[in-house]
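Participant: Under the heading topological domain 'Extracellular', Swiss-Prot lists 1-164, 255-258, 377-403, 458-488, 570-594. According to Swiss-Prot, the feature transmembrane segment maps to 165-185, 234-254, 259-279, 356-376, 404-424, 437-457, 489-509, 549-569, 595-615, 635-655, 659-679, an assignment based on sequence analysis. The annotation topological domain 'Cytoplasmic' is assigned in Swiss-Prot to 186-233, 280-355, 425-436, 510-548, 616-634, 680-735. Marked as N-linked glycosylation site by Swiss-Prot: Asn385. The feature region 'Disordered' is assigned by Swiss-Prot to 710-735.
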Amino acid sequence: MSEFGAGAELPGWVTESRSRGEFFSPEESHAAAPAGFLQELPSYRSVLWRRAAAGDVQERWGNLRGIASAERREPQPDGGERGAIPLWELPFSIAEKRDSQQGDIKYSSGWNHWKRTSSKSWKKALKDIKELSSYMQLWRHDIHSIEGKFGTGIQSYFSFLRFLVLLNFLMFILMFSFVTLPAVISNYGIFNSSSTKISPNNTEPYCTVYTPSGNKGLVYFYTYLKDLLTGTGFLEVTVLFYGYYTIDAAWFSVLRYNLPLAYLLTTFAYLALSFVWIIKRSVERFRQHLVDDEDQFQSYCNKVFAGWDFCITDLNAARLKHRSLLYELQTNLEEERLKQKIAERTMKEKLQIYSLRIFINIIVIAVLSGCFYSIYRATVFSQENSSVSIRRNVMIANLLVQYLPSIVITSANFIAPQIFSFLIRFEDYSAAFEIRLTLIRCVFVRLANVGVLLFSLWSQIHCDNDQCKACGYDYELYPCWESAVGQEMYKLLIFDFMIIIAMTLFVDFPRKLLVTYCSWKLVQWWGLQEFGISDNVLEIIYGQTICWIGTFFSPLLPAIATIKYFIIFYIKKISLIHTRKPASRPIRASSSNFFFLAVLLIGLILAFVPLGVSIALISSSKACGPFRNFNTSWAIVPYTILEFPIGLQKFLYGIASEAFAVPFFVIACLFMFYFIALAGAHKRVVEQLREQLVTESRDKLFLLEKLSEAQKNSGKPQKARKLTSSWLLEPLDKG
């Protein structure tokens, strides 16, 4: 019986070489070699792994196992373990490793034994929690089903949507726990609580006048519907908007809760939470993106030879996995085809395509400029004429005037991406790059549209004439301007949700019915619509940016966004399965996931700008809100610091001073440059090692060719066989 396995027959040249002493064998004097050298040999590990089928191997190698076991179990002077060779790296069976572990425990001290036991218990508990959380993951089965039917690119969109649902839910928990709940409890005197309201000092009386247009007396039903859509009327005086939180402090028995400070710190908290979570997920996806893009040939090998999960026992799961691998291979082949096409372009073709791209980008800039100007004019018209419509009590006209900015923004968000999607077909990019470029262009449309809207509002809120000097803002048009901004964000969020539902019900499903039951050539040429990943991603990134900006002005906006995205998931899933078709050009999920998060991070960074301006520069409303006694919302921070002890005040002011900030910035830059240089050095070392591996593999192939030629020419293969056997069994530590 051979040590290569039961019933395995060795080739004749190996048997002949063994009889002549030209072949390395475990039963020879080499067994006395050091254990470390023998354990590096792949033949040694293979033989031990198969010792259950080859009983004579255990006897031949028993002395070597004894040496290794003795070295492993040898007690140390401090009573600890011998940590030179980790137990899991030894080529022993589970029973032998367990015996070795028990021997280590026998010689270990009580402290080491407790530390080992607690560490194992903690790791096991973490593993169980991780497995349980994976089974309890939201929409786990639905997303796996989508991945199998439509590929990993579309699956990445639904995973991204799930992430936003969880993020908004955590934002809602923060705002509700630290802002809404204390305000409601103190206003209603629950749990022996009370609230304190201090009238603003050194403020003109007319600046403190705020009479919300709440519904009083008998009103028509459509009035409630209008208020529900616009955030005015009965909604304006609820916990949904900034104006409700007109509290300076909440008292719970003898404990004072500083609501203005909590309001500001919670705003910073949800922004920091979003930033850290997005960065964490971006790093994970970027690492996977680098691995997938490192070597396409290696990716093919991994998918073909190691892509299948042999733990799958369900037939449906097997079909989904099969389709997922098929889409991934199609994506790789499509990328290789495009790379080959780009490499074969002539100079004339390159000049043509570059000229066409420049012309298309000029058209894109013109479309963007038209969108921005339309939004600015619509916002100014809406703010100037909404009060006129209210006085005339014309319900439809008032609703249209108030929703005019939202209608124009949504129209621009719908028309501009359609133009960009049509133009990008002529630019001849890859499927993945088409999505990225379309996303970037649509980001400028959607997010810049929100910026133009806010700029239009602030240009009217913060005016420079004599009317605004007394209060710092236009108190006649905006007595509580924070609630007005919150209402605009609320209308954008609601209107965007209504458009998504309307497009699914009145465009996607009728198109599906026409294509299915109408045999006209024009209808069949029109066909089913593909699931546009870039458009759908921009929809939710646009809504999330609105939520980040509007949460400061409407603390419960994350709850609305959570419900909105939860419903959108099922709407998009039903639309995808019943009315859409898979993309004709598959895309890679790893690059999509990373780029989606990168665009979302851009939206978050852009949200910092209007929030920073509102908190630090624009005067806070004197008639409503927790900051009515301060010039700006940020003024609560230095006011709170003045209540600290003198030593702590000096320390905080020292940290905020330029004397500390400049050296800290320089040191941070030095550390950043150091880690960048270190990463570059590691990358160069990895490239050198990869080149070395490729060179060694070529050398070995060259040697094999030479040995084959020597065998054919000499007719005496014994010497070649000797060289071959010694080369095959040399240590692989160089590789």
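Cβ from N, Cα, C; glycine included.
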Participant: With every protein chain in view, how many other Cβ atoms are within 10 Å of the Cβ of the residue listed as 'N-linked glycosylation site'?
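Facilitator: Result for the residue listed as 'N-linked glycosylation site': 15 neighbouring Cβ atoms inside 10 Å.
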Participant: Any contact between the transmembrane segment (489-509) and the transmembrane segment (404-424)? By contact I mean 3+ C-beta pairs closer than 8 Å, pairs at least 6 apart along the chain.
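Facilitator: Counting Cβ pairs under 8 Å (6 or more apart in sequence), the transmembrane segment (489-509) reaches the transmembrane segment (404-424), since there are 3 or more.
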Participant: Under 8 Å, at least 3 Cβ pairs, sequence separation 6 or more: does that hold for the transmembrane segment (595-615) versus the transmembrane segment (259-279)?
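Facilitator: Yes, since the transmembrane segment (595-615) and the transmembrane segment (259-279) share at least 3 Cβ pairs closer than 8 Å, they count as touching.
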Participant: Looking only at the topological domain 'Cytoplasmic' (510-548), what is the model's average confidence as pLDDT?
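Facilitator: Across the topological domain 'Cytoplasmic' (510-548), the average pLDDT comes out at 84.
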Participant: List the helix, strand and coil residue totals of the topological domain 'Cytoplasmic' (425-436) as derived from DSSP.
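Facilitator: Residue counts in helix, strand and coil order: 9 helix, 0 strand, 3 coil.
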Participant: Which sequence positions outside the topological domain 'Cytoplasmic' (510-548), separated from its termini by at least 6 residues, show Cβ-Cβ distances below 8 Å to it?
Facilitator: 150, 153-154, 156-157, 160-161, 164, 167-168, 171, 271, 274, 413, 417, 421, 434-435, 438-439, 442-443, 446-447, 450, 489, 492-493, 496-497, 500, 557-558, 561, 564-565, 568, 572, 576, 578-584, 587, 592, 596, 599-600, 603-604, 606-607, 611
Participant: Under 8 Å between C-beta atoms and at least six residues away from its ends: which parts of the chain pack against the topological domain 'Extracellular' (458-488)?
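Facilitator: Tertiary neighbours of the topological domain 'Extracellular' (458-488) are 203-204, 206-207, 209-212, 230-232, 236, 240-243, 380, 383, 387, 405-406, 550, 552-554, 557, 613-614, 618-625, 631.
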Participant: Kindly report the helix/strand/coil residue split of the topological domain 'Extracellular' (458-488) according to DSSP, in that order.
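Facilitator: Split by secondary structure, the topological domain 'Extracellular' (458-488) comes out as 16 helix, 0 strand, 15 coil.
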Participant: Would the transmembrane segment (165-185) count as touching the transmembrane segment (259-279), if touching means at least three Cβ pairs under 8 Å and pairs must be 6 or more apart in sequence?
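Facilitator: Contact between the transmembrane segment (165-185) and the transmembrane segment (259-279): present.
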